[in-house]
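**Student:** Supplied in structure tokens, the structure appears directly below.
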Amino acid sequence: SVGFKAGVKDYKLTYYTPDYETKDTDILAAFRVTPQPGVPPEEAGAAVAAESSTGTWTTVWTDGLTSLDRYKGRCYHIEPVAGEEEQYIAYVAYPLDLFEEGSVTNMFTSIVGNVFGFKALRALRLEDLRIPIAYVKTFQGPPHGIQVERDKLNKYGRPLLGCTIKPKLGLSAKNYGRAVYECLRGGLDFTKDDENVNSQPFMRWRDRFVFCAEALYKAQAETGEIKGHYLNATAGTCEEMMKRAVFARELGVPIVMHDYLTGGFTANTTLAHYCRDNGLLLHIHRAMHAVIDRQKNHGMHFRVLAKALRMSGGDHIHAGTVVGKLEGERDITLGFVDLLRDDFIEKDRSRGIYFTQDWVSMPGVLPVASGGIHVWHMPALTEIFGDDSVLQFGGGTLGHPWGNAPGAVANRVALEACVQARNEGRDLAREGNEIIREACKWSPELAAACEVWKEIKFEFKAVDTLD
């Protein structure tokens with residue numbers, strides 16, 4: 001008979017290969033698969049591998065014009081999820097040739113582009129990716145990284161302090177600049193545009209950039225420290241985004257900001273390249289992440305979005321707090337915080353890390369803790385995140401009863417007290433409250449802050465837990 005065998009056949013015949021030895025150059029993915037009733041896990045896992053690589057629903061004659069064995073994704077291992085009915089972790093290996101070099105956009109289009117609407121699955125979640133060194137090397141990564149940032153700012157041996165300017169919408173540019181100045185003068189390293197602040201009728205971007213730059217230079221002159229304000233360059237088109245970044249560079253400011261999920265990976269990578277070429281640091285906000293990562297059985301875990309950001313490029317990224325008003329279980333959060341900062345991360349399922357990841361020499365990203373935190377959290381934050389982090393207190397600075405500058409003073413005093421106590425060998429986890437109370441003696445600003453927030457807690461059960 002001439003031709004090929006037409007018709008529909010089971011995916012598992014071609015795409016489930018339990019004997020496959022993964023290659024060092026493969027991209028590996030761990031999917032949490034919830035098959036529809038009656039669909040065997042092997043078929044579900046194979047379907048994911050097929051639909052996110054070379055497969056389609058029926059045999060096609062053009063299959064004969066290529067080598068499926070060379071290009072197909074393979075489901076090479078399946079394990080049931082402990083404590084969950086009908087959930088499995090399916091491990092899929094993708095040959096590197098399926099992906100365009102240096103394109104996070106293409107990587108995601110391939111791996112998570114189509115398969116999440118697949119009918120044979122009730123739900124699907126991408127838990128982790130192993131990016132091979134061969135692929136890592138095709139990305140520029142963060143514009144500068146942790147060490148270069150410290151050198152630029154001349155700030156060592158402690159976490160950096162930030163503050164998001166509130167109310168986030170409605171201030172005029174001049175009043176906004178005033179708020180920035182007060183915070184920086186009081187002792188913060190950075191202030192931040194809120195992620196929703198782009199260029200609205202009440203405050204156009206160019207006016208804001210100019211007033212913030214003025215605030216920055218005034219605060220620098222008064223304090224003798226380098227200051228920064230994250231100027232949000234996010235815009236409706238890539239050209240407009242670049243125009244804003246160029247203007248920021250012309251003003252001579254040290255850092256700009258981007259919302260990488262709403263802005264998109266293509267825009268983000270473009271901006272990251274510009275930032276490296278022009279000496280700008282890049283702060284990344286993760287607006288929209290919870291739409292993708294909050295459901296336990298469907299979507300993508302934030303650790304995947306964090307890896308993607310390190311490849312696309314950013315010097316800071318928001319990463320939850322463990323202690324404030326937003327999600328983040330401690331071990332899981334520290335898992336992806338280490339993925340952002342370190343060169344090499346061992347597989348460790350207790351922290352949700354499914355694969356060993358080697359970033360070789362790609363620069364690291366500073367995790368930003370932000371959301372509902374205040375001076376009483378400082379010992380815990382210093383202990384959990386360590387020196388290489390940015391701690392951001394929005395309401396925890398601007399909500400100070402005496403104003404922004406005293407709010408900034410309170411945070412800086414609390415931070416310096418915690419760092420000193422840690423360096424003297426004290427246990428921040430146990431003696432934290434005591435350390436803050438002692439520091440209050442020398443700082444009326446801190447004492448006032450401690451009084452305001454002594455009872456505030458945001459306590460709900462975490463959603464993001466290991467099984």
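Cβ atoms are placed via backbone N, Cα and C, with glycine included.
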**Student:** The substrate site in Swiss-Prot includes Asn114, Thr164, Lys168, Arg286, His318. Which of Ser53, Ser370, Ser389 is also listed there?
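**Tutor:** Looking through Ser53, Ser370, Ser389, the residue Swiss-Prot assigns to the substrate site is Ser370.
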**Student:** Select the closest residue to Asn114 (substrate binding site) from the following recorded positions, measuring between CA atoms: Lys192, Glu195, His285.
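**Tutor:** Nearest candidate: His285.
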**Student:** Within 10 Å of the Cβ of Lys192 (N6-carboxylysine), how many other Cβ atoms can you find? Include all protein chains, please.
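**Tutor:** Other Cβ atoms within 10 Å of Lys192 (N6-carboxylysine): 29.
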**Student:** Going by C-alpha distance, which of the binding-site residues Thr164, Asp194, Glu195, Ser370 is nearest to His285 (active site, proton acceptor)?
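**Tutor:** So, of the listed binding-site residues, the one sitting closest to His285 (active site, proton acceptor) is Glu195.
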**Student:** What whole-number Å value do you get for the CA-CA distance of Lys166 (active site, proton acceptor) and Asp194 (Mg(2+) binding site)?
**Tutor:** 8
**Student:** Given the binding-site residues Thr164, Lys168, Arg286, His318, which lie close to Asp194 (Mg(2+) binding site), meaning Cα to Cα within 10 A?
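**Tutor:** So the list is Thr164, Lys168.
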**Student:** Taking 8 Å from the centroid of the Cβ atoms of Lys192, Asp194, Glu195 as the cut-off, which other residues in that chain fall inside it around the Mg(2+) site?
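**Tutor:** Residues close to the Mg(2+) site, other than Lys192, Asp194, Glu195: Thr164, Ile165, Lys168, Asp193, Asn196, Val197, Tyr230, Asn232, Met257, His285.
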**Student:** Measuring Cα to Cα, how many Å separate His318 (substrate binding site) from Glu195 (Mg(2+) binding site)?
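**Tutor:** About 11 Å separate the Cα atoms of these two residues.
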